[in-house]
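Features as listed in Swiss-Prot:
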- 72, 74, 76: Mg(2+) binding site (BINDING)
- 73, 89, 96: Zn(2+) binding site (BINDING)
């Protein structure tokens, strides 16, 4: 199994909908949240603002069941495909990426 490079403390973690490949959110994992994700099969992240671990959906019920975990070529960024239950964004939107800045370049 490929190891993840946590030498900088946190790794950006991109969450994709396993059904359609849509980007749902970006969060950060530290080594402990990564291990909890591997152990439970559900996403755990590290909150930079609260300085603590959080289990996605533990309060809202909008959980993310892990289907696949990928790493980039440097092993310092993760991409996780999930089965999303309910919206991924705390605003109630399906994805955290709903603010279009510009298109038609």
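Just so it is clear, glycine is given a Cβ too, placed from its N, Cα and C backbone atoms.
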Between residue 72 (Mg(2+) binding site) and residue 96 (Zn(2+) binding site), the C-alpha gap once rounded to whole angstrom:
22
Between residue 89 (Zn(2+) binding site) and residue 76 (Mg(2+) binding site), find the distance joining the two CA atoms and give it rounded to the nearest Å.
24
Using Cα coordinates, what distance in whole Å links residue 96 (Zn(2+) binding site) and residue 76 (Mg(2+) binding site)?
22
I want the residues beyond 72, 74, 76 whose C-beta is within 8 angstroms of the mean position of the Mg(2+) site's C-beta atoms, in chain order.
5, 11, 71, 73, 75, 77
